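See below for the structure under consideration.
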Amino acid sequence: MNLRELVSALNDFASPALAESWDNVGLLVEPSPPHTVNTLFLTNDLTEEVMEEAVQKKADLVLSYHPPIFTPLKRVTWETWKERLVVRALENRIGIYSPHTAYDAIPHGVNNWLTKGLGACTSAPLHPSTAPSSPAEGTHRVEFCADAEHLDSVLSKIKDIPEISCLTTLPARVEGEEQTRVSLNCSQKALLEVVALLSQNSLLYHKTEILLLQKPLLPHSGMGRLCTLSEPVSLSDIIERVKGHLQLPHVRVALGAGRTLESPVKKAALCAGSGSSVLKGTEADLYLTGEMSHHDVLDAVANGISVILCEHSNTERGFLSELRDALAVHLQNKINIIVSEKDRDPLQVA
């Protein structure tokens, strides 16, 4: 499959527009075209050891869940390990693609896979995503009515304001008088100029409506998940379920104030990776994530919320096998998809 065709298919599987604004997702390294992809190589973290594995297995594209290029590179030399990844990729004609938080948000993504460790439950995003695109331009819609005496003058001045779109006029009858209803979309910056212009005429200004344009929420997509278990389960049982799902011998546990290992868990909030900012303030019996700051754990415990920490990438890596199967279907089995055997969490219990 041609690289560009494959990237388009991967973007269809999980739109990069669903990723967080701070993230760096999509095609990060591209060999010179044309580039054909016969083998897609999946990893959670692209380390030098994993890159060597990709080279040995003759991968044409590495899909690394975490973006190996996050902060901008000022040079590409042999000096640092991330620069060496780029050098090795280009020398061996291997592309690098990263979905990261786009895979966190989608209904068939990392967080939904993590919910399976809790047992039977229903779940909903803690922070729903907004639709990637909508037909309306601008951030606000302004509507007002004007009579023939003022209409031409106002319209000519409005048309001189940058960042105005979707300007329309329709006949209207207001309080028995024939007038024209003007509707326009504008940016936040342009809104200030439009309001300043209309406020010069009190009759126009008092007939003005301003609407905030918001993209619709996507009910099944977004960051984190709030899970309601079908039946309450003791915290000790949840711990064993999570360990089994993630194939871990140990997890770290903080008991909420007034809670014990036998306390029932009915609602659990979870976030793969680093969950502090996503989980903060959520009412639940349990927080499940990879890592949280010490003080955020203290806050949760003080509020009677128990915490299970599994280390960052341990809450993500197991998804790769499920992803391999889902992508095989999505890509109609046109390419070979393999999961790294060298990828692992850098932390272990000694």
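Backbone N, Cα and C define each Cβ position, glycine as well.
A 10 Å cutoff on Cβ-Cβ distances gives His66 (divalent metal cation binding site) a total of 17 other Cβ atoms nearby, all chains included. Annotation source TrEMBL lists divalent metal cation binding site at His66, Asp104, His312, Glu316.
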Site with most surrounding Cβ atoms, counting all protein chains shown within 10 Å, from the binding-site residues Asp104, Glu316: Asp104
Neighbour tally for His312 (divalent metal cation binding site), based on other Cβ positions within 10 Å of its Cβ: 21
Beyond the site residues His66, Asp104, His312, Glu316: chain residues whose C-beta lies within 8 Å of the centroid, for divalent metal cation: Asn44, Tyr65, His100, Val110, Ala272, Gly273, Ser274, Gly290, Ser313, Thr315
